[in-house]
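Student: This is the structure I want to talk about, given as C-alpha cells.
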Amino acid sequence: MSQNRKDDHIKYALEQRPGYNSFDEMELVHRSLPKYDLAEIDLSTHFAGRDWEFPFYINAMTGGSQKGSQINEKLAQVAESCGLLFVTGSYSAALKNPSDTSYQVATGRPNLLLATNIGLDKPYQAAQQAVADLQPLFLQIHVNLMQELLMPEGEREFRSWRQHLTDYSQRLDLPLILKEVGFGMDRSTVEEARSLGIQTFDISGRGGTSFAYIENQRGGNRDYLNDWGQSTLQSLLALQPMRDEVELLASGGVRHPLDMIKALVLGAKAVGLSRAMLDLVKNYSVEEVIDIVEGWKSDLRLIMCALSCRNLQELKNVPYLLYGRLKEAQEQIK
C-alpha cells in the first residue's frame, strides 16, 4: 500500500462527519440502590489467551508512512503510560518495504502491550513474517471485502481467503483475532470462521470510520454504498446466542465510556477505539490524552457502580431498552 493511500485514509477518516450511531438507540436501566462501593469495581477482562487490566484498547489504525509513524509513536506513548493494549495498523506496508520503521513502536518500551494486524488476503508466510518481526501478543486478521471492492487498486480474487484463515489457525503459534473494518460481522461469518479454528472476533460495525466513504472520497463514485453494513450494536445483538461460545470484541463508532459499557452489556469482552483515539492525538498533547484516557477508566467504574455491577460478568445481566432502527433490526434477527 502506498504512503499516499495510507495518508489518504487518515485524512478522510478525520474529515468524515458522524452519521447514524446505534449506540444512541440503546439505554441502560439505572439502579437506585447500589450493591458495591466504587473501590470494589473491577475492570479486568480476558480474551486472546490472557488477562487484561482494562476492557478497552487502541485499535488498528495506521502505519506505512511518515504521518502514520508519528501517529503510532504518540499512540504507543499513551498505551504504555496507561497500560492499554495497542494494535498497530496493517503490517502489509512493512512487508513491502523492510526499511519501514513505523510499526517498530515497541523499541525502548518494554512494558508496551503490542499486537499487530494483517489482511486476510495475505498468505501464511506474510503473517509469519509479521509475527517474527514484531513478536505481538496476538495477530489481528482484518477482513475488508467492501473496501477492497471499492478501491480501484483493491483485490479482486477472494477464493483464497478461507484457505489463508485455515493456514493461519493451524500454523501460527499465537492467538488470532478476526476483525472487520467497520461493516459489522454476521452470525454465519462467525460460525464459519469458528469452524476454521478462530475463537475471538472483533465485529467492528458501522457507526464510526467508513472505509466505503474513504474510498469514495479517494476518487470512487459509489457514494450510495457509504453506509454499507450493520452497526456495531446490530452485530452484537445478532451474536447474542454465541456470546458464551466465542470471544466477542466490539469496535466501530465507540466514542466514550458509556458506549463502551453498552457494548460490554451485550457481551463484548473488550472495546476497541480507533477514530476516537485518532481525534485525541491530533487535537491534544500526549500528556493531555493520557489524562483523558485515565479519566475514561474512572468513568467506567462510575457507570458500573451506577448499574450495581462489580465486574464485566455482572454487566451482562443489566437490563436495557432499544429504540428506533436498532429496535427494528433486533426484532428481525433470526
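Glycine residues also receive a Cβ, built from the backbone N, Cα and C atoms like all the rest.
Features from Swiss-Prot:
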BINDING   Arg5, Lys6, Gln147  substrate binding site
BINDING   Ala60, Met61, Thr62, Ser90, Asn117, Lys179, Ser204, Thr209, Gly253, Val254, Arg255, Ser274, Arg275  FMN binding site
BINDING   Glu148  Mg(2+) binding site
Student: To the nearest whole angstrom, state the Cα distance for the pair Arg255 (FMN binding site) and Gln147 (substrate binding site).
Tutor: 23
Student: Test of understanding: give the count of other CB atoms lying within 10 angstroms of the CB of the residue listed as 'Mg(2+) binding site'.
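Tutor: If we count other Cβ atoms within 10 Å of the residue listed as 'Mg(2+) binding site', we arrive at 19.
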Student: I'd like to know which of the binding-site residues Asn117, Gln147, Ser204 has the most other Cβ atoms within 10 Å of its Cβ.
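Tutor: Top count of Cβ atoms within 10 Å goes to Ser204.
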Student: Using a Cβ cut-off under 8 Å and a sequence separation of 6 or more, which residues in the same chain sit near Arg275 (FMN binding site)?
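Tutor: Non-local contacts for Arg275 (FMN binding site): Ala13, Gly208, Thr209.
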Student: For Arg255 (FMN binding site), which of the three DSSP-derived states applies: helix, strand, or coil?
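Tutor: SS state of Arg255 (FMN binding site) = coil.
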Student: Using C-alpha positions only, work out which of the binding-site residues Asn117, Ser204, Gly253 is nearest to Gln147 (substrate binding site).
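Tutor: Out of the listed candidates, the nearest Cα belongs to Ser204.
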Student: I'm trying to understand the geometry here, so how far is the Cα atom of Ser204 (FMN binding site) from the Cα atom of Glu148 (Mg(2+) binding site), in Å to the nearest whole number?
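Tutor: Counting only the Cα atoms, the answer is 16 Å.
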Student: Using all protein chains in view, find how many other C-beta atoms are within 10 Å of the C-beta of Arg255 (FMN binding site).
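Tutor: Excluding its own Cβ, Arg255 (FMN binding site) sees 17 Cβ atoms within 10 Å.
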